[in-house]
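**Student:** Taken from TrEMBL, the feature transmembrane segment covers 12-31, 43-61, 82-102, 168-190, 202-228, 240-265, 277-298, 393-415, 436-457, 463-486, 507-526, 554-579. Here TrEMBL flags Ala22, Val23, Asn27, Ser251, Asn283, Leu402, Ser406 as Na(+) binding site.
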Amino acid sequence: MEKSRPLWDNPLQFVFACISYAVGLGNVWRFPYLCQMYGGGGFLIPYLIMLIAEGMPLLYLELAVGQRMRQGSIGAWKMISPYLCGVGVASVVVSFFLSMYYNVINAWAFWYLFHSFQDPLPWATCPLNSNRTGYEEECERTSSTQYFWYRQTLNISPSLEASGSVQWEQALCLTLAWLVVYLCILRGTASTGKVVYVTASLPYCVLIIYLIRGLTLHGAVNGLFYMFTPKLEQLSNPKAWISAATQIFFSLGLGFGSLIAFASYNEPSNNCERHAIIVSLINSTTSIFASIVTFSIYGFKATFNYESCINKVILLLLNAFDLEEGSLTADNLSEKKDYLMATYPQEYAQLVPQIKNCSLEAELDTAVQGTGLAFIVYSEAIKNMEVPQLYSVLYFFMLLMLGIGSMLGNTAAILTPLTDSRVIGARFPKEVISGVVCFINCVIGLIFTMEAGNYWFDIFNDYAATLSLLLIVLVETIAVCYIYGIRRFEKDLYTMIGRKPNWYWKIMWAFVSPLLIISLFIFYLTDYILTGTLQYQAWDATQGQLVTKDYPGYALAVIGLLVAASTMCIPLGALMTFIRKRLKRERVSTVA
């Protein structure tokens, strides 16, 4: 069904929409984490190679398919071949799974944003116990920021089996997050074009403010030096290359159907090749830019913790050995410790359990993945800044803009096929379709606001869109090159943008990208098989830290269903099309 008019007022608005969708929370937390894990600047080498070999070609392919077919993901692949209708359905299913849990991050961002106006910040210090004679024991065993996250925000249960009840504060924040998304798409996908200017540009303003502030923080240079000092030995680590490829894959949003939905509203003459290059480069540059901001804050946090550790050791030794004030400093601490150990061996031996081994390198090596980076590490750094409320409001408002921008793309991937459908789109207005989709997602999302909700969040985050996306994009690439035909696709591109794709694009589409995706697919399957029983990190309040536990049987069943629900759409769609065509031929032959 042909679109009645383009969604985008101009090509720039389309670019903003793609940037708003592609540049998301993964750029702020996942890329810095991977950069730290795999050798700082050394990780940039495989990352940039994967950008050229995987990111730009596949982004160009999806944008071109959407623009040429003028349909959402289901209609676009059905036009290429009726047997590929399941590819679009699989994309919609994956986007639906993503929408179910992803907006919970926006709910957490709202929660922290509301608490950012308090003085002092509620995660700055541990709360008093019920008797008001000391601090909460759980908080004393961990830290004030971790306590606020695990106990006051999530009120997390000790295991997945202890599901607990819905936390009404988080449920209200989730409802608010979905209300904001609904208001942004109130008139269907047409209203998205007006919102993307804000969701795409405001995060950059906040990042620039944080960059200026971060570079002026004490110890920021330690974090930047850590980031740009490559550990070249990581180049021989296959997991570093796999992580670089998957970061490119997921940060651009390939396989979700959102990019096809966005491009389907373009003018047919839109230069999708140029826009694919622009969006890819902006997305990757944003990841590196956000890492500079993150590592400057890392450096400040690590230096602050290191110096606090040193000061505690100095105070302990001054009091234990009645030393003169100022006689112990960070510069001579090691020398003085050796002297005290030799002069007072028995007394020093009694203090050894209390003397921490302070190391700046160890502090910098401590990485936190995912939500831990966004809500624990950053909040701990913020509480130690001057005027922490200001930087807290800016940071969590930025998270909201990034999260909402991604949600607009996710919902567009669901809404566009629905509004294109003759059965649904012709019977119901866009406002109703959008409202029903948001309502269903919000109700299901209440699962993630339960006491065990964070464990279910991790399950969806880890397994709902991994193997599924690899299979979807692999089928997309093979379909365009070998079913639709690379020469036919060349002609379509020539008709749209006035020139055929050069050798680089054709080699990547036909050979390099499919082989790379197959390699990733084999690696994931091998890794899952070799891992054995899947495990998760559970919060142990008695120890004040995360502990590893095995997933129960029903959780493994849910993981299997998440993977199968999307991947099985592809063969089932082909099978149903085959059966339908077979029955049609039989009816025709019977009539004849």
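Glycine too: its Cβ is placed from the backbone N, Cα and C atoms.
What TrEMBL says about a protein is an automatic prediction, not a curated fact.
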**Student:** Looking only at residues six or more beyond either end of the transmembrane segment (436-457), which have a C-beta under 8 A from one in the stretch?
**Tutor:** 96, 99-101, 103-104, 107, 154-157, 159-167, 170-171, 174-175, 178, 181-182, 185, 371, 411, 414-415, 418, 536, 538
**Student:** Against the transmembrane segment (82-102), which of these stretches has the most C-beta pairs under 8 Å: 240-265, 277-298, 463-486, 507-526?
**Tutor:** 463-486
**Student:** Any chance you could find the range in 12-31, 43-61, 168-190, 393-415 with the most Cβ pairs under 8 Å to the transmembrane segment (202-228)?
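**Tutor:** Counting Cβ pairs under 8 Å, the winner is 393-415.
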**Student:** Under 8 Å for C-beta pairs, could you tell me which stretch among 12-31, 168-190, 240-265, 393-415 has the largest tally with the transmembrane segment (507-526)?
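**Tutor:** Top-ranked stretch among 12-31, 168-190, 240-265, 393-415: 240-265.
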**Student:** Is it true that the transmembrane segment (393-415) and the transmembrane segment (43-61) have 3 or more Cβ pairs under 8 Å, skipping pairs fewer than 6 apart in sequence?
**Tutor:** no
**Student:** Suppose we draw a 10 Å sphere around the Cβ of Asn283 (Na(+) binding site). How many other Cβ atoms does it contain, all chains included?
**Tutor:** 24
**Student:** Including all protein chains displayed, how many Cβ atoms other than that of Asn27 (Na(+) binding site) lie within 10 Å of its Cβ?
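**Tutor:** By my count, 25.
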**Student:** Is it true that the transmembrane segment (463-486) and the transmembrane segment (12-31) have 3 or more Cβ pairs under 8 Å, skipping pairs fewer than 6 apart in sequence?
**Tutor:** no
**Student:** Are there residues at least 6 beyond the ends of the transmembrane segment (277-298) whose Cβ is under 8 Å from a Cβ of it, and what are they?
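**Tutor:** Distant contacts of the transmembrane segment (277-298): 15, 18-19, 22-23, 27-29, 31-32, 35-36, 44, 47-48, 51, 55-56, 59-60, 204, 207, 210-211, 214-215, 217, 220, 223-224, 226-227, 247-248, 251-252, 364, 373, 377-378, 381.
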**Student:** In this structure, which of the binding-site residues Ser251, Ser406 has the fewest other Cβ atoms within 10 Å of its Cβ?
**Tutor:** Ser251
**Student:** Looking only at Cβ atoms, how many others are within 10 Å of the one on Leu402 (Na(+) binding site)?
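**Tutor:** Result for Leu402 (Na(+) binding site): 29 neighbouring Cβ atoms inside 10 Å.
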